[in-house]
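**Student:** First the structure, which I've put down as structure tokens, then a few questions once you've had a look.
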Amino acid sequence: MSSPGSVPPAAAASRASSSTPRPYPGSASASRRFRGTIEPGPREATIAARPEIRPLAPAAADDDATVTALTGLVNEVYAESEKGLWADGAVRTTERELAGLVRAGEIAVARLDGRIAGCVRVHRLDPATSEFGLLAADPRHRGLGVGRELVRFAERRARAQGAGRMRLELLVPRERPHPSKEFLTAWYGRLGYAVAGKGTIEDSHPHLAPLLATPCDVMIYEKDLRAGTPIDDLAARLREFAADREWEPFHTPKNLAMAVAGEAGELLAEFQWLTPEESATVMTDPAAGARVRGELADVMTYLVRLADTLGVDLVEAAHAKLDESERRYDPETYRGTARKAPPLP
């Protein structure tokens with residue numbers, strides 16, 4: 001049984017250029033802490049370089065500097081993300097507990113430029129189920145997608161070990177909303193996790209209940225690791241396609257972004273001289289419909305390839321953008337009007 005926690009367009013490319021991307025054809029100790037999940041910060045953003053994530057060797061449990069740094073990071077992140085949920089003096093983990101998890105081979109660390117940027121615990125609950133927790137991303141690297149990449153690493157590791165399901169637990173206050181928990185609920189949903197059950201801290205971890213400053217429940221989330229998304233499948237195929245032809249040097253973010261703009265221009269050309277009414281029926285013309293379909297495919301191909309190169313989850317990013325738009329454009333104020341809303345405060 002795991003313990004709960006909280007995580008937290010410019011110019012088109014010239015096709016004649018040799019640097020332009022080539023086209024694609026048509027358990028836990030009885031301690032006072034939780035083994036839960038945390039991702040600090042309200043938003044994930046585009047990253048210029050993916051963090052390097054590797055499991056810590058069991059021998060690293062004897063590396064005092066590493067254990068101390070990780071313990072401090074976890075406690076710092078959880079103190080902020082779970083503010084108000086715990087009594088004064090309660091901490092998320094200790095060096096002794098963390099060293100034990102490292103020694104068990106359950107801790108992986110994310111590094112950026114060689115420096116620790118986050119960590120996650122991954123372990124088996126049963127032959128079919130793995131669980132991740134102790135997910136923490138350094139707030140000094142907020143917005144770089146460290147938390148998301150750590151979750152992806154945990155899922156890959158679970159699949160490699162034969163697990164078909166991933167689980168996490170989230171501690172949520174029972175009587176009032178909590179901003180970090182509300183964010184996490186949406187964030188995990190965008191990552192494909194759904195509520196699979198709910199319990200109470202008194203039932204699952206009675207020794208921890210006295211440490212709470214407010215009554216809390218334990219929300220259990222699960223994800224089927226056997227079901228990939230269509231975009232994930234497409235990104236993997238495009239990645240393999242480019243690698244087989246040694247085209248990675250051409251697929252820099254700049255070149256790919258230029259290719260997206262170029263293909264979007266070709267798509268626009270199919271509609272430029274049509275009336276609004278004609279544009280609505282373009283797919284009824286077999287020849288025009290085939291051209292539009294092909295241009296849409298080209299735009300999506302380069303967009304998915306660009307996102308994959310940058311480490312951006314397109315579906316998650318789109319949901320996050322839509323969340324922001326829903327806050328900016330409330331229906332009562334903006335229904336039937338195309339005027340632009342002011343930025344969010």
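Cβ coordinates come from backbone N, Cα and C, glycine included.
Unlike curated records, TrEMBL annotations are generated automatically.
TrEMBL feature annotations, pasted as is:
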COMPBIAS  1-21  compositional bias 'Low complexity'
DOMAIN    51-217  domain 'N-acetyltransferase'
REGION    1-45  region 'Disordered'
REGION    325-345  region 'Disordered'
**Student:** Go through the chain and flag residues at least 6 beyond the ends of the region 'Disordered' (325-345) whose CB is under 8 A from any CB in it; none is fine as an answer.
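**Tutor:** For the region 'Disordered' (325-345), the list is empty: none.
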**Student:** Averaged over the whole of the domain 'N-acetyltransferase' (51-217), what is the pLDDT?
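**Tutor:** Reported value for the domain 'N-acetyltransferase' (51-217) is a mean pLDDT of 91.
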